[in-house]
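Pulled from Swiss-Prot:
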type    : residues                                 : note
BINDING : 8, 9, 10, 11, 12, 13, 14, 15, 16, 17, 18 : ATP binding site
BINDING : 187, 196, 199, 202                       : Zn(2+) binding site
């Protein structure tokens, strides 16, 4: 049986990855991490979506230790989310080590259930703010997991080379545009759906959606072209 584990936050990107995986794999597991994130609603949204979409299993894992180690506006209520980059060149919403931890734990979970594919929604679009969303980071993590567990394992990143408009196109391609738009939580201020419209995450989401809706045919064609190139 072809199994996959999706790292799932209940946001736009991971939900798009999840609906795509459900169309491609025999058995799909979702894993969500409780790291003391700013908005507890994120976990509830993920649980509701996992149930609605009918995943084989949804694991919510307690990793609140990360909250103690990683100081970020996403883990501390007293740190306002800022659009500005800090002195280190990163936004204060960056949680150091988050994707290292998440992919490691997802790899362990995949090992236990006999899955050889992990799917995560990271993409180079986010590289300006998040170094652990880079393609070379994911490849390094993939190599480390394979060597460390002596097991064939592939980390898939369906969004890696897509812009936000193409990510919306991917949701539409999998008949989930409205679900992703209305039921996911991407907003740093904890508002489901279209969000607050002001935080960096909402801004990126809104610009991408408007671009897709205004240029649907061209952007879908661009997505399909990238998919064909990736499959060669």
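Any Cβ shown, glycine's included, is placed from N, Cα and C.
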Cβ neighbours of residue 196 (Zn(2+) binding site) where a neighbour is any other Cβ within 10 Å: 14
Secondary-structure category, per DSSP, in which residue 8 (ATP binding site) falls: coil
Between residue 202 (Zn(2+) binding site) and residue 18 (ATP binding site): CA-CA distance (Å): 20
Sorted by sequence, non-8, 9, 10, 11, 12, 13, 14, 15, 16, 17, 18 residues with Cβ within 8 Å of centre, ATP: 6, 121, 180, 184
Neighbourhood of residue 10 (ATP binding site) by C-beta distance under 8 A, where only residues 6 or more apart in the same chain count: 32, 42, 43, 45, 46, 47, 48, 49, 184, 185
Greatest C-beta neighbour count within 10 angstroms, which of the binding-site residues 18, 199, 202: 18
Output field, Zn(2+) shell: CB within 8 Å of site CB centroid, site 187, 196, 199, 202 dropped: 186, 188, 189, 191, 195, 197, 198, 201, 203
Distance [Cα-Cα, Å, rounded] between residue 14 (ATP binding site) and residue 187 (Zn(2+) binding site): 14
